[in-house]
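For reference, the structure is listed below as structure tokens.
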Amino acid sequence: MIFPIWKKCLIQLQIKLSPVEFSLWILPLKVTIKNNIIYIYTPNLFIFRWIKKKYVNIFKKILYKICSNNPPKIIINIEKKKLEKKKCIYKKKNIQIYLHSEINKKYQFHNFIQGQSNQLAYYSSYKFTKNLKNFYNPLFLYGNTGLGKTHLLHAIGNKFLIKNKKKKVIYIHSENFIQNMVNSLKNNSIDKFKNYYRSIDVLLLDDIQFFSNKKKSQEELFNTFNTLFNKQQKIVLTADCYPEYISGITEQLKSRFKWGLTISINPPELKTRIKILLHKAYENKILLSYEVAKYIAKKIFSNVRELEGILKKIQILSILNKEKITINLVKKILNKIKKKKKNINIIYIQKIVAKYFNIRISDMISQKRSQSIVHPRQIAMTLAKKLTHYSFSEIGTAFGKKDHTTVLYAYKKINQLKKKKTEIYSDFIYLFNQLNA
């Protein structure tokens, strides 16, 4: 729901700010109004600090113009759910350390949009829940970001729980599995950790590539895998590429990943993209005609997540501009969004970053380790991951045949700098905004 006062404020902000600023900092905010107080909720701490520093005074000035007689007070908080999760992660003793194990009920088989690109993955996932003892185990799904791997993991979990609510069905992202193990070692509770994960009925482990070059974590995963497999418990794994091509993973683990059935999920074809858009429009009560959905689907083709993001932008801007969603409106919006982004590929990103830092592309893709080269290289790798559909392995290849783990390390390092006000992260944000404008 968009409150009338906040809607007026958004219109003024849209005029005052650049499209990049508006979509990057304002659109993610959630707002409620009570007793003449506007409660603004940010999705994370970084945006919270940025809004307080850069935009609170702008909000106040606009609201004073809108309701000069009695302007509302503004209170900014981090969205409650996110805050609670963050607190839980750092609690130590006597607290359940195994987080992120809940299955998301939103993701079911019935609302997974099937098409030629994902039909085999869908069928295999559904068949996996039939609980046939001799059926393929593990099931390994791989493909680029935003194609539905996580949706299928949760759908599998939900199906098992519908059959038997007492089953111990655990969904967890690989990074959280690793973090839980580290916390257990720190808290001298590693036996508890082992007992927990080795007593699972169904393990749904997302983004297995995050185990890359983590020797102890891989040992624990190896032992957990063997225990569950020998007990004929179910295992489903996902990754961004075929098991054989995940660098930094032991051959023992790779061979086990391939013991069952390995299925790829590909980017959706045109018909599936249209179906996804119409389904998402129906779910979100957006009036979207088939012709408009087809037009969008022809322009956006990388993944489901991008389709959803574009649809949300179109919905918000149609509300703000009080216009129906027509092909002409969509053309205007897509032209703005895609003006620079349409030509974005890894080579283009390398050119822009090299020019910004006044270095040569040949240096960026070389083996040079000086800070003047390493930082631009890490920024360029992270931009490539965020702004293109390429996997870590493919990005590594484009940067002088570097290992998948080098790209993963760069990506994590740049993202960790969000918490610190560093010059490197400022450079990254500036370049991201320039490329994504």
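From the backbone N, Cα and C atoms, a Cβ is placed for every residue, glycine too.
For reference, Swiss-Prot has these:
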REGION    1-82  region 'Domain I, interacts with DnaA modulators'
REGION    82-101  region 'Domain II'
REGION    102-318  region 'Domain III, AAA+ region'
BINDING   G146, G148, K149, T150  ATP binding site
REGION    319-437  region 'Domain IV, binds dsDNA'
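Listed in chain order, the residues near the ATP site other than G146, G148, K149, T150 are G143, T145, L147, H151, L152, T238, I265, V304, R305, each with its Cβ within 8 Å of the site Cβ centroid. Every protein chain shown contributes to the tally, and the Cβ of G148 (ATP binding site) ends up with 25 other Cβ atoms within 10 Å. In the shown protein chains, 18 other C-beta atoms lie within 10 A of the C-beta of G146 (ATP binding site). For the binding-site residues shown (K149, T150), fewest C-beta neighbours within 10 angstroms: T150.
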